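**Q** Below is a structure I'd like to ask you about.
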Amino acid sequence: MRLVVMNAKILNEQGEQEFAQIVIENGVISNIEKTGPIEQPVAEEGTQVIDAGGRLVTPGFIDMHVHLREPGYEHKETIESGSRSAAKGGFTTIACMPNTRPVTDNPDTVRYVKQKAEEAGLVNVLPYAAITKSELGRELTDFAALKEAGAIGFTDDGVGVQSAQMMKDAMRQAAALGMPVIAHCEDNSLVEGAPVAEGEFARKHGLKGIPNESEAIHVGRDILLAEATGVHYHVCHVSTEQSIRLIRQAKQLGINVTAEVCPHHLVLSEEDIPGLDANWKMNPPLRSRRDVEACIAALEDGTIDIIVTDHAPHSEEEKAKGMQLAPFGIVGFETAFPLLYTKFVATGRWSLEMLVQRMTADPARVFGLEAGRLVPGAPADLTIVDLEAERTVDPEDFASKGRNTPFAGWKLKGWPVATIVRGRLVWNDERELTR
Ligand SMILES: NC(=O)N[C@@H](CC(=O)O)C(=O)O
Ligand SMILES: [Zn+2]
Ligand SMILES: [Zn+2]
């Protein structure tokens, strides 16, 4: 099977866009030819041609923090619908969290997730396994068996590991297996049922506030434990200035820590929440403008390594319960790139290269994945993006079952138009690429 993506604009080493033709054989990039624009594709038998029409072609986006909800919460999302949503957002590899029902704390569930992803046949799905049984924080799972079944790291995402001893034991075991520990950092004793961050919004609406220390205390604790155990420690959805300070210092000391940030924490602060609408409720919560600025600066200077969506679909009924009672989480796949392109690249603050790198090469580096680069020999996972396309976010258009986004009605630029996984076109926008 041969596929040629012609009239692609790719980013070269200098971060400039240049014309190229990408040749793919058996799911692997076999050649990248620097050609000028081509009018007529050479029709060769057995070769499929996709004309990118001068649009940007990047390595497929990688999202190392997503919730696919299956098994157990298929009314929110399935591995199929989540994979489709990912493909539509330009993602070719996603890593899914274990807070399913049952929790992915046993080899059978890891295998089940992999099997379902294969049946969906859309994007590469990498499962995480839980640190503790049922994510209850009481008993460690069988790390060796979970690794053997195909888990790529350990996390109790959705909840923080409250016991320092439990976390230390987890890190020791993970380190021995050469596996990372991925931490949702939250000290429950400082949170106690608060739905939003401490701040103006919470005060105005008489709601309990989540303080910044609830996150940073775990980050600080875990950095010390990572230093002691030598594990690769990765911090989930960083949202506070204080956590960033600790991560920056840890990196300077040579401790093996990496971190991620979500688009919403780069774009929104608690001051932006329009009212008691639970589509603005997520964990960690939207924080102060100061925290947002710290997150942006940390991503720019590399203190935060990667961008993840934390795609967290919930049903409309669940989100209709209101700010206090609705579950935390917002969907993210289908708005991530246009949102960040519009807010940071189109405005001139970031280079296009930086944004693409934080969503491709950097996650591949952090997690040791063979992906994220356009080079001969690499798996042919590609995303075609129309940087000029301008559209309004309409949740009814989402491939995800989740409609829970704060970005409904936002006018954004830079939309993915086609997604290629292992040399196979898994999604394309019918409005585009009609040739
Ligand atoms: N981020 C969220 O607000 N929610 C996530 C859990 C999590 O990522 O902690 C979910 O599973 O819904
Ligand atoms: Zn989390
Ligand atoms: Zn999450």
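Backbone N, Cα and C atoms are what each Cβ position is placed from, and that goes for glycine too.
Just so you know, TrEMBL annotations never went through curation; they're auto-generated.
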**Q** Given that TrEMBL lists H67, L68, R69, N99, N283, F328, G329 as binding substrate, which residue among H265, H314 does it place in the same site?
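**A** The record-listed residue among the candidates is H314.
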**Q** Kindly point out which candidate in H75, H237, H264, H311 is recorded by TrEMBL as part of the Zn(2+) 2 site with D157, H184.
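**A** Given D157, H184 bind Zn(2+) 2 in TrEMBL, the matching entry from H75, H237, H264, H311 is H237.
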**Q** Select one of D310, D362, D381: the residue that TrEMBL places in the Zn(2+) 1 site alongside H65, H67, D157.
**A** D310
**Q** Sorry to bug you, but what's the C-alpha spacing from D310 (Zn(2+) 1 binding site) to L68 (substrate binding site), rounded to the closest Å?
**A** 10
**Q** Taking the recorded Zn(2+) 1 site as H65, H67, D157, D310, identify the other residues of that chain whose CB atom sits within 8 Å of the mean position of the site's CB atoms, giving them in sequence order.
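**A** My list of surrounding residues reads V66, M97, G158, C236, H237, V308, T309, H311, A312.
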**Q** Given the recorded Zn(2+) 2 site (D157, H184, H237), which additional residues of the same chain have their Cβ within 8 Å of the Cβ centre, ordered by sequence?
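**A** Near the Zn(2+) 2 site, beyond D157, H184, H237, sit H65, M97, T155, G158, I182, A183, C185, E186, C236, N283, D310.
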**Q** Between N99 (substrate binding site) and H184 (Zn(2+) 2 binding site), how far is it from one CA atom to the other, in Å?
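**A** Cα to Cα, N99 (substrate binding site) and H184 (Zn(2+) 2 binding site) are separated by 12 Å.
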**Q** Spatially, which candidate from the binding-site residues H67, D157, N283, H314 is nearest to H184 (Zn(2+) 2 binding site), comparing Cα atoms?
**A** D157
